Structures are given as structure tokens and as C-alpha cells.
Amino acid sequence: MNTVNASMTVIGAGSYGTALAITLARNGHSVVLWGHNPAQIQTLQHDRCNQAFLPDVPFPDTLLLEADLARALAASRDVLVVVPSHVFGDVLRQLKPHLRPDARIVWATKGLEAETGRLLQNVAREALGETIPLAVLSGPTFAKELAAGLPTAIALAATDAQFADDLQQGCMHCGKSFRVYSNPDFIGVQLGGAVKNVIAIGAGMSDGIGFGANARTALITRGLAEMSRLGSALGADPSTFMGMAGLGDLVLTCTDNQSRNRRFGIMLGQGKGVQEAQDSIGQVVEGYRNTKEVLALAQRQGVEMPITEQIYQVLYCHKDAREAALSLLGRARKDEKPSV
């Protein structure tokens with residue numbers, strides 16, 4: 001690919017990165033898609049679709065494939081990073097030497113930093129410096145529906161108001177099929193995407209056990225309370241968690257089997273082991289690592305998160321899923337409102 005002036009460079013050619021690239025390109029924006037595996041990029045270029053994840057969605061003509069990172073980053077000042085959270089920092093450090101002087105970074109990665117549990121904004125600042133504008137996309141988005149052009153809405157938060165406006169009114173203005181809501185709460189929009197992964201595993205476990213819709217709904221509601229408590233402790237606006245990046249994403253991933261986290265939880269509830277369930281999914285289950293990271297973050301903040309604690313016990317301490325659920329049901333009585 002010769003150097004071009006693109007509206008956006010997308011880093012990460014998995015299902016979600018490809019779906020976002022298709023969505024932007026379909027709506028008239030020039031988009032460059034880069035992936036870490038040159039052979040994969042060559043295959044995508046040959047097939048003009050992502051056979052592995054989105055085989056029924058052809059690439060628009062304005063979606064360009066690039067295997068050379070330097071050329072991909074030279075094509076646009078705006079860079080959308082869509083990679084798993086446990087490699088987020090490594091990828092940003094890989095990008096830094098090749099970024100344009102006027103570069104701006106937005107990510108659609110959901111989660112916290114592996115091992116440390118830090119918000120991704122802190123990882124980005126450490127990797128890229130204090131001056132580069134940053135933004136985050138988060139909300140209820142399944143890759144297959146997004147790529148198919150089905151109506152989707154998402155939240156956008158940025159460190160720079162002009163950057164947020166440029167994205168919302170510019171390359172992320174995609175007609176009626178993809179609606180972007182701006183939100184000034186940079187912390188809350190990031191956090192919602194991490195905590196919902198954990199609660200989705202719990203919802204799947206509940207359904208795998210066979211506890212039914214009542215239990216699932218109670219778990220979602222109390223999971224939202226945990227999300228809000230942790231967010232408030234970190235300085236987020238609690239109202240953010242009633243929006244796309246909170247309740248919206250939480251309901252989606254807890255109730256639909258397109259969610260890898262939910263399917264993973266269902267298998268655990270049915271008695272499968274953690275490794276067996278992960279192998280069956282065949283893709284990254286973000287909630288597995290997120291559970292450890294979210295719990296550690298909550299403990300540092302002194303925030304009680306009993307659902308997250310029990311999911312951690314199942315994932316890392318070999319506790320039976322049914323026993324974990326019964327532990328939650330057996331907790332001391334509490335008033336609902338003060339704990340929210």
C-alpha cells in the first residue's frame with residue numbers, strides 16, 4: 001500500500017477491530033487496518049473479508065490493508081487500538097516510535113492492565129507520554145451485528161474536548177447505523193467495560209446452573225451496584241453506569257450468547273473446568289483476567305464486591321460454581337439503597 005491520507009488507522013484485525021474498520025469504511029471514510037501477523041493481512045487482502053470472524057461481510061473499497069506498521073501509522077493522525085487488554089501496553093509501546101507528531105489515540109479495548117489492574121488511561125500515559133490526546137470507545141457492541149450494519153450505539157470519552165468532537169462529528173459519524181454518544185467521564189467509560197466482563201461470567205454461571213431469569217436479573221442488578229461503587233471510589237460519575245458503557249454493555253453481555261464471557265460462565269455453571277471452558281471458546285475471554293484485576297482494584301480502594309469475589313473463587317481457587325452462588329444467597333441481609 002502506498003502512503004495515503006486516511007481518516008483512521010485501526011490497530012488490531014480481530015473480530016471487533018475488523019468490524020469497526022468495516023463500519024467506518026462503509027460510511028465513506030478511508031480506513032487502514034493493520035494486524036500483527038503479516039500472513040493474516042495478506043489473507044484479508046486476498047479474500048477482501050475476514051473469513052475467520054466475519055466471513056459474510058465483504059470489505060468496502062475504502063478499507064485498506066497494511067502489514068507494515070510504520071506505513072499504517074503514517075496514513076492517519078487518528079489511531080484506533082482494538083487489541084486484548086493484556087497486550088494493550090505492549091502494543092502502544094510498539095506504536096510509539098512510528099506515530100505522527102500530531103497523532104491522537106482512541107481505543108476500544110475493554111479491561112484493565114494485566115497484573116496491575118490499572119486503568120488503560122494510565123497505561124497509555126506511561127507508554128505514550130502526557131501530551132498526546134486520548135479517547136476511549138465503550139458500549140454494547142457485538143462485532144457480528146456491528147459489521148452487518150445493524151443499529152448500534154456506543155459511548156465515547158476523551159481527554160480533549162476537541163478530539164471527542166472531531167471523532168463524533170468526523171470519522172465516527174456513520175449515519176443511522178452507528179450512533180456515538182459523547183461522555184465527559186473518562187474514568188467511568190473505561191471502567192464499565194472491564195467490570196461488565198466479570199459480571200457476564202457470573203450471569204453465565206447462573207444460567208449454566210439452571211437458576212433461571214429471576215436470578216440472572218438479580219445478578220445483573222447487583223453487578224451494576226458493584227460497578228457503580230467501584231466507579232465512585234475512583235472518581236467516576238455514577239450516572240455513567242446507567243448509560244451505554246455501563247448498563248447497556250452489562251445487559252448485552254449478560255443476556256446474549258454472542259458474549260464469550262457469558263458462554264464461558266455457562267460452561268463453568270455446567271461443571272466444566274476453567275481451562276476446558278476457555279479452550280471451547282477458542283478466543284480471548286477478557287473477563288477471566290479482568291476478574292483478578294477488578295477484585296484487586298476493589299480491594300485497594302476498600303470497595304466491597306461480593307459477586308466479583310465469588311467469581312474469582314471459581315476461576316482461581318477451584319470453588320464450585322453452585323457453591324459460589326449459594327455463598328452469595330447466604331450473605332447477611334442488607335438494605336438495597338445504601339449499598340448502591
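Please read every residue number as a count from 1 along the shown chain.
Keep in mind that glycine also has a Cβ here, set from the backbone N, Cα and C atoms.
Remember, predicted model here, so these are calculated numbers, not experimental data.
Cβ environment of A143 (NADPH binding site): S15, Y16, T18, A19, F53, L54 lie under 8 Å away, each six or more residues apart in the same chain. If you look up Swiss-Prot, you'll see S15, Y16, H36, K110, A143, R260, V284, E286 marked as NADPH binding site, on the strength of sequence analysis.
Here Swiss-Prot flags K110, G139, T141, K196, D249, S259, R260, N261 as sn-glycerol 3-phosphate binding site. Within the same chain, residues at least six positions away from S259 (sn-glycerol 3-phosphate binding site) with a Cβ under 8 Å of its Cβ are F142, A200, G204, L252, T253.
In three-state terms derived from DSSP, K196 (sn-glycerol 3-phosphate binding site) belongs to a helical segment. Sequence-distant neighbours of K196 (sn-glycerol 3-phosphate binding site) (same chain, 6+ apart, CB under 8 A from its CB) are K110, G223, M227, G246, D249, L250, T253, C254. Here Swiss-Prot flags K196 as active site, proton acceptor.
Rounded to a whole number, the C-alpha distance linking H36 (NADPH binding site) with T141 (sn-glycerol 3-phosphate binding site) is 23 angstrom. With all protein chains in the displayed structure included, the most crowded Cβ environment within 10 Å among the binding-site residues D249, E286 is that of D249. Checking each of the binding-site residues (G139, T141, N261) against V284 (NADPH binding site), the C-alpha distance stays within 10 Å for N261. DSSP classifies H36 (NADPH binding site) as coil under the three-state reduction.
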